[in-house]
Amino acid sequence: MTLIELVTQEAAPERRKILVAAGVSGVANTIVMGLVNQITQTDAAETSARTFVMFGLAVAIYVVGARNIYHRMTTVLESALHRVKTRIVAKVEQADMEKLERIGTAEIYDRITDNVAVVSESAGRLAFFLQSVCIIVASTLYLASLSLPAFCAISLLIVGGFMLYAGKNREIGEYFHRAALTRITFFNQLTDLLQGSKEVKFNRRRGRELREDLVQTSAILRDDTKRANALLDDNFIFAACILFAALGTIVFLMPLQIEIAAKTQQMLIAGVLFAWGPLSGCMGGIPAYIRSNVALSAIDDLERRLDGALEAGRGAEAHDPWGGRLTKAIEVDQLEYTYASDDGREAFRIGPISLTLQAGETIFIVGGNGSGKSTFLKNLTGLYRPELGALIVDGTPVTEVNVAAYRELFSAIYSDFHLFSKLYGVPAVDGEKVRALLEQMHLQKKTAFEKDRFTRRDLSTGQRKRLAMIVTLLEDRPICVFDEWAADQDPEFRRHFYEELLPALKRRGKTVLAVSHDDRYFHCADRVVTLEYGKVRSVEPGSACGVPPAPGNDLRRSDG
């Protein structure tokens with residue numbers, strides 16, 4: 001997508017008004033030039049009040065037209081970019097989890113912030129560019145009225161110069177595109193430095209090598225940007241040469257070939273000099289246009305990739321065969337899934353896994369690092385799509401049509417969980433209940449709950465997990481998933497999690513799936529499922545801390 005296509009497609013109703021405003025402004029500017037030429041060729045005493053009024057009126061029309069085009073162009077471009085950002089946000093929200101992870105957050109951040117900013121900043125220059133083109137066209141026609149040979153000569157110079165100019169612009173676009181890709185690499189490396197600052201402090205060699213990579217990437221970015229800007233500077237100087245060539249043609253060449261009156265020659269020179277500002281505006285606007293096209297191309301590429309990542313069942317959230325309840329069991333039937341590396345080769349595989357999870361059970365998922373626990377949970381909760389096998393909930397298979405409703409049965413705290421700034425998706429939050437939960441989690445002195453949000457989220461990892469637990473309890477879903485929740489808790493809260501919180505959830509009829517390494521608390525589970533190399537090695541019974549299952553096991557979402 002180019003900048004012109006963006007304005008054309010996203011703002012069709014305003015397109016004609018912008019062109020009319022630019023044309024009127026260009027004609028008014030040319031009238032001013034013609035009046036100035038006329039006045040300079042007559043005696044001051046012969047200058048009439050009518051000419052002065054026409055001059056003032058032309059200037060006023062130019063000002064109104066210019067203001068109109070600048071205002072409309074800014075409004076159109078910002079409205080179009082708002083729609084683009086809204087589309088991207090919607091596609092990110094609806095994208096398949098695995099495919100979204102492959103795109104990466106760095107690229108999405110870059111496209112929706114830096115690239116959009118580049119396009120936004122071009123609004124004024126694009127308006128000036130469009131206005132300048134209209135002025136040059138009108139001025140050239142004015143020159144044609146003075147001398148047809150001069151018009152032909154200057155037109156040939158402009159067309160030939162533009163063709164040479166456009167040829168260089170393709171090379172400039174390539175440099176800007178390379179710089180955009182390098183900027184993403186620099187962002188990823190800078191993220192490593194910022195998020196890994198503790199690890200860098202403990203290993204000076206690591207910090208030195210990371211810094212060297214950052215310096216090298218920054219140097220590549222510098223060289224590409226410098227080369228692109230050098231070509232832009234050359235183009236700007238080339239534009240000045242076109243002006244000098246036009247002046248030289250009028251002053252030196254034309255008098256040798258045709259007879260031309262001195263007054264006409266002076267008016268032609270004045271016309272060419274008058275057009276220098278608009279010509280500079282055109283040449284100065286083209287770099288912004290190129291940058292915007294490169295940015296829009298990257299945004300368009302991201303949108304296409306997000307389109308390919310959209311879930312097949314999107315828009316089918318209303319189809320909920322379970323009504324927000326788990327009454328019997330989730331059957332995992334021969335589930336298989338493969339992680340593929342970036343080059344398409346198989347990196348890790350789980351399955352086939354067959355397992356039945358009864359409603360109201362507390363199940364621990366255990367195993368060594370890399371055994372497939374988190375991957376299995378992401379398949380089980382519908383975040384990843386199994387390659388083979390099936391998930392059957394209360395006798396109904398999970399499909400692309402109902403997977404969104406299936407995910408609504410879960411409330412999960414993964415090891416890489418995120419705390420939102422506001423309690424999104426939790427209706428009718430009871431402030432007193434939240435404050436009671438804060439006290440239960442010993443967080444009442446760390447943060448508070450005001451206006452549907454927690455006042456502080458910059459807490460320790462263990463405290464942030466407790467805050468996430470409060471959100472899970474408020475969501476009140478039938479199934480709770482905890483991915484090593486207790487790993488960052490102190491001994492007292494670890495005991496509280498296993499011996500008090502999990503039994504309390506069981507008494508409320510919740511189905512609990514918890515990844516754990518705490519073998520001293522395995523007795524708190526109904527069953528302990530051990531994974532090894534992506535497969536179920538064993539299923540051992542536990543005592544669930546002596547807590548019987550809730551009667552009925554008809555588990556409904558609180559918002560159902």
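In case you wondered, yes, glycine gets a Cβ from its N, Cα and C as well.
As annotated by TrEMBL, domain 'ABC transmembrane type-1' applies to 19-212.
Mean pLDDT of the predicted structure over the domain 'ABC transporter' (330-558): 89. Residues annotated as domain 'ABC transporter' in TrEMBL: 330-558.
Tertiary neighbourhood of the transmembrane segment (18-39): same-chain residues 7, 47, 51, 54-55, 58-59, 61-62, 65-66, 68-69, 72-73, 76, 130-131, 133-139, 141-142, 267, 270-271, 274, 278, selected by CB-CB distance under 8 Å and a gap of 6+ residues from either end. Taken from TrEMBL, the feature transmembrane segment covers 18-39 (among others).
Here the transmembrane segment (51-70) has Cβ contacts under 8 Å with residues 17-18, 21-22, 24-25, 28-29, 31-32, 35-36, 38-39, 124, 127-128, 130-131 of the same chain, all six or more residues outside its ends. Annotation source TrEMBL lists transmembrane segment at 51-70 (among others).
If you look at the transmembrane segment (133-166), the same-chain residues 6 or more away from its ends with a CB under 8 A from one of its CBs are 22-23, 25-27, 29-30, 33-34, 235, 238-239, 241-242, 245-246, 249-250, 253-254, 257-258, 260, 264, 267-268, 271-272, 274-275, 278-279, 282-283, 286. Positions annotated as transmembrane segment by TrEMBL: 133-166 (among others).
Marked as transmembrane segment by TrEMBL: 236-256 (among others).
The transmembrane segment feature in TrEMBL is assigned to 268-290 (among others).
Panel annotation: around the transmembrane segment (268-290), residues 3, 29, 33, 36-37, 40, 121-122, 125-126, 128-129, 131-133, 135-136, 139-140, 142-143, 146-147, 150, 154, 165, 169, 172-173, 176, 232, 235-236, 239, 242-243, 246-247, 250-251 of the same chain, lying at least six beyond its termini, place a Cβ under 8 Å from a Cβ of the stretch.
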